[in-house]
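Worksheet for the structure shown next.
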Amino acid sequence: MELVVALGLIVFKVALLIAILLLLPLPLTWLERKIAGHIQQRMGPMRVGWHGLLQPVADGVKLLTKEDHIPAEADRFLFKLAPILALAPPFVVFVAVPFGESVSVLGTEITLYVSNMNVALLFVFAVIGIEVYGVIFGGWAANSKYAVLGSLRTCAQMISYEIPMGFAVIGVVMLAQSMSLLEIVRAQANVWNIVYQPVGFFVFFVAGLAQAQRIPFDLAEAEGDLGAGFHTEYSGIRFAFFMVSEYAIMLLTSVLAVILFFGGWNGVLVPLPPLLWFLLKVAFFVYVFIWFRFTFPRYRYDQLMAIGWKVLLPLSMANIIITGVAFL
Amino acid sequence: MSRALDRTGIWIGWAFFADLANALALTFGYMFSRPVTMQYPDKEKWLPYSRYRGHHFLTRDEEGEIKCVACELCARICPCDCIEVIPYEDEKGNRHPAKFEIDMARCLFCGLCEDACPADAIALGQQYEFSSFSSRDLVIGRDDLLGKPGKAMTGGGVVAARLNTEQDVLVETSEPQGYNWWRNIRRT
């Protein structure tokens with residue numbers, strides 16, 4: 001009986017997670033367009049629903065009913081595989097991400113995470129690396145020069161930025177003496193990691209921007225010079241898959257930034273429910289992502305590589321060394 | 001000394017991304033400034049100034065007779081030949097246009113017909129919503145021109161309006177004067 005309840009709980013949590021992650025791009029696209037509009041002194045969507053709130057739903061219906069076009073010269077198998085490869089990893093990663101300690105519902109303690117892995121951080125970085133295959137396959141299979149250029153750029157970008165990103169979080173792991181995200185948050189109960197690891201956070205955040213392929217590092221889709229980059233040839237629901245994946249990664253980067261450097265669900269000053277604290281912090285980071293997008297121009301390709309290898313990598317190395325000397 | 005200090009200051013600022021922070025502060029400020037969007041045609045509409053050159057109209061004198069004396073000066077001066085006037089003489093011997101047609105598809109709204117008219121009969125009014133699916137419908141006759149709205153009395157504002165698509169597409173408004181759109185322009 002207990003096993004059934006436990007299993008049911010896990011299935012329920014996973015279903016809830018998937019539903020939230022699939023639906024979250026709707027408000028996020030609305031928010032992004034609204035913020036973009038107001039930064040540019042426009043209003044953004046205004047016509048469908050109150051202040052355009054139903055606009056993402058209308059867009060979703062449009063995407064679903066559009067022709068699912070596959071170019072004649074495309075590699076059909078890879079072309080169909082790529083959106084799924086891009087979509088699945090960001091969803092899988094959230095299995096290892098905790099959203100809080102636990103809440104008691106009807107007398108039973110329900111933990112706010114699907115699993116408490118002791119190598120959660122490693123799992124996150126390992127799985128999120130697979131997402132790149134979706135992008136590369138998508139660009140390659142479409143048999144279009146813009147798509148190939150976009151995916152080549154992504155390839156180079158991911159390789160250069162995953163390394164500093166991985167190094168940047170080692171400082172956090174050293175402080176918490178654990179790779180479990182839950183333990184990392186518990187270790188920040190008194191002082192958040194951002195106090196000890198400002199350089200680590202800086203490297204992590206910049207690399208996260210590159211990982212999520214947001215401006216100023218959105219070379220993979222660079223609208224100006226590549227059409228739409230790797231998903232130039234995609235339409236309809238497959239395109240929607242790529243968009244959902246992109247928003248999920250943006251969310252994941254925000255969640256990781258909060259968990260690793262901003263104390264997770266530990267609050268300061270104002271006693272709010274832990275889950276609310278967590279969501280507020282994540283929302284702030286999501287806002288920062290969107291804010292950055294409509295403030296900065298895009299880096300040139302060689303500048304991107306230079307920043308990755310000549311600035312971020314040495315900085316993250318120095319961060320590890322200094323953390324090691326100071327705390328161990 | 002001070003120049004050297006300035007330079008160090010710039011370098012320190014550069015190292016801590018002062019320029020990027022400036023940009024972020026600027027866009028953040030813009031986010032809370034008033035949008036300049038005019039929500040035409042759903043909610044708002046622009047009232048033109050009285051000097052605006054929109055759709056032509058013909059005027060009548062006090063007796064209700066058409067002012068036009070069919071001298072055809074407007075047709076002569078028109079740079080794109082879009083006015084066609086055919087005169088007739090009534091019982092009292094006054095010339096009036098039997099036919100007065102303006103091809104709005106050709107008109108470039110220069111206002112020369114208004115300047116040339118010796119009888120102040122033709123002028124360019126405030127109406128600007130007369131697009132059509134057929135260029136044939138854009139040839140406007142004498143009686144239609146007499147019914148067109150004249151110059152705007154006030155203007156230069158944005159008024160609340162409503163889009164009416166029941167028969168024709170019409171942007172209706174009842175307000176004579178609106179808010180000054182320029183107040184929303186951020187000048188810093």
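Think of each number as a place in line: the chain as shown, counted from 1.
Glycine residues also receive a Cβ, built from the backbone N, Cα and C atoms like all the rest.
Nobody curates TrEMBL annotations by hand; they come from automatic prediction.
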One of B:C110, B:C117 listed by TrEMBL as binding [4Fe-4S] cluster 1 at the site of B:C68, B:C71, B:C74:
B:C117
Intrachain residues whose Cβ lies under 8 Å of the transmembrane segment (B:12-33), provided they are six or more past its termini:
186
So which binding-site residues are near B:C74 ([4Fe-4S] cluster 1 binding site), with CA atoms within 10 Å, out of B:C107, B:C110, B:C113?
B:C113
Given the binding-site residues B:C68, B:C78, B:C117, and counting only Cβ atoms in the protein chains shown, which has the most within 10 Å of its Cβ?
B:C68
Integer Cα-Cα distance in angstrom, B:C110 ([4Fe-4S] cluster 2 binding site) to B:C117 ([4Fe-4S] cluster 1 binding site):
14
Taking the Cβ of each of the binding-site residues and counting other Cβ atoms inside 10 Å, which one has the highest number: B:C71, B:C107, B:C110?
B:C107
Find the one among the binding-site residues B:C78, B:C107, B:C113 whose C-alpha lies closest to that of B:C68 ([4Fe-4S] cluster 1 binding site).
B:C113
Around the C-beta of B:C113 ([4Fe-4S] cluster 2 binding site), how many further C-beta atoms are within 10 angstroms, looking at every protein chain?
23
Between the Cα atoms of B:C78 ([4Fe-4S] cluster 2 binding site) and B:C71 ([4Fe-4S] cluster 1 binding site), what distance do you get, rounded to the nearest Å?
13
